[in-house]
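Q: Got a structure for you, questions after.
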């Protein structure tokens, strides 16, 4: 039983719902049901319960935050919607995500305790219900207050949390106590769990009060050392309750919906019909009974024609989807997400395509970029970061719409091919897996696939939760399995290795004591200057010298808190004193590459935009690479500007220094751009800063070895820029003496090319242009000579009469010449069958003779291929005589 003092002292009684069997607390003696859907209908539509007047979402948000500030909470800024600090999920799905796993595990203290926040969040669990149910959103703000209770520090727990909720709704918002129900439940998410109260008012869940004290391990609940108050008050839900509009979309997006309706020519629906439809939709699950059946049931309950209801509701659903999804996508892009086929980009593209799909099915049309721009104008006051990203958002939305149009053009052929493949496998039509494959591989929405299939005489059922299932496959990050040269158990008892490479990155040699030798080749020292592989930087190499011997260090890896050296040759004995010597030339080159990587990523961001995020990196010799999120290949001018900016930073000889900072302090000072290189799992993080404190050039959390100043890099040269995946661009670059060697090699090749072209290096461009003109003229002449030669050969073909047809077989391994000969010969002789054999292939041309019988005969002698009515080609390894005889039989 979950209880609280405020409930008992305020006249609440515990009851059990006869329908769902849940326990709940209410002041009303006549309340029978739990107050949640589907047990009760909405009772606030057209009849809001609050006395307080709330003007806007901003007003409601401010009331909430001020209420908790008055109650000794610290207001903190909202976090981004992309969870850069986590390695398990892409998007923030609730305010508690901001503090998982570091704060909830006890590894890092919270930024304040207790605290209050209003956190933009994204959940695609119910994406298929958005627009239909009247209440579901993909993007929403979760207002929350959190308290973190430690074994030695109690803040507050169930009693105080419940009292805050009661007082906020009754005193701050003026909702009568009798309207509020507290329903007992259990919550689980993000690896944690706990009992909870769901706060319900007139059938609508407006808040959840979670008392988190479990960690979920292998399906079991394990007590956490912390007891965490995790609350969630739905900003949009509460605002809807206070406004009493037919749907949450009308309350939250009212001004935008009015503009969108006017632009698209969609009439405003009857409020009474939409209100009743919303009430009934809220009490049923279309995924269970089917969407079309749900329309029929609701139409009957309202007393209207089902067809009329669909005609009224569906355009509104499309607008609701547009309003919700466009805000969510704008949040994502403003936070650095590029629509693509992977990761968070996949989810952004999915939402954009759902907008386009719904608008198309509703029969309304306008450039999506225009509809987005209208919404951005509405959002700019609440979310200034979205307005700042307006140019990028509109560019990406326009690109996505053009791609979608191309997808629609290619859909008929792709769906037809998929249907043929399904039939070959013994199935009559397409199943859910086929629809997923068509969407993931070619971007074809299932509704479009169903339309095409229907036009071909096949009915295809689209699952009502199709997009939710797609999203569920992409919301979590894939964790790469970690490999280790040594089992953790073999070094767990050893003390932490002193990491001299952090104390002095320029240390070339050092003395140390051997703590353990494992399997004759893994050496653990008490301290080391050898850098272990990590963060895209390769491990150091070198030697360990000891009395009576020397071992070559070929690899270095971190295993927990210990650094393990992989050696070749006889290892030093345990307890021995050794002298470690780092391959300094290699290490120094890698330091230049690593510091150069930081300079380059910041230069890329400054030229291409703040949406640039590192998607991977590898520092190596003689070249390194960095992969970044970007929607197109940068122009030559942009690459030149990036390179120039990077080398200006090198010339400025900016100071480079690392400092250890508490995680919260670093995040508060620099933001989550710290994690360009990925998540850093530590209470304290090593922050690498380039440039002075008053104007740093770049700041990142980084565990690599670096230079003292950018001047030591010498030169940064971009060697290649390529698009390696949808939404990912790779920069290959080099630094220092390797960059000089690369430039010198380019100079040598330029001089050699100039010599071949017949000019000096300064005249190379003009010389190449002349050569290109000559080559073009020679190519024109060659094509003309080939046509004349083909025509001559066509006239002199030796063909034999086979029945009423003429057959000619020619040995020729030149496809282009064969095509020209065939074109000339078959255009003047419709009864000609012309076959070219060579290079393990056979090609058949005819003037008008059907090749089907010929192909059938050829397959009997080893031909593997096919074609059209008058053309066939494929593999043929046999002899010419056998081929001739097969064709003669076919023509006889």
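Positions of Cβ are set from backbone N, Cα and C atoms, glycine also.
Values in this document were obtained by computation on a predicted structure and should not be read as measured data.
OK, Swiss-Prot features for this one:
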type	residues	note
BINDING	594, 598, 702, 706	Zn(2+) binding site
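Help me understand the surroundings of these features in the structure.
A: Secondary structure from DSSP puts residue 706 (Zn(2+) binding site) in coil. In sequence order, 505, 591, 594, 595, 598, 656, 658, 688 make up the list of same-chain residues 6 or more apart from residue 706 (Zn(2+) binding site) whose Cβ falls under 8 Å from its Cβ.
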Q: Please work out the number of neighbouring Cβ atoms within 10 Å of the Cβ of residue 702 (Zn(2+) binding site), leaving out its own Cβ.
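A: Around the Cβ of residue 702 (Zn(2+) binding site), 27 other Cβ atoms lie within 10 Å.
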Q: Which state, by DSSP, holds residue 594 (Zn(2+) binding site): helix, strand or coil?
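A: In the DSSP reduction, residue 594 (Zn(2+) binding site) maps to helix.
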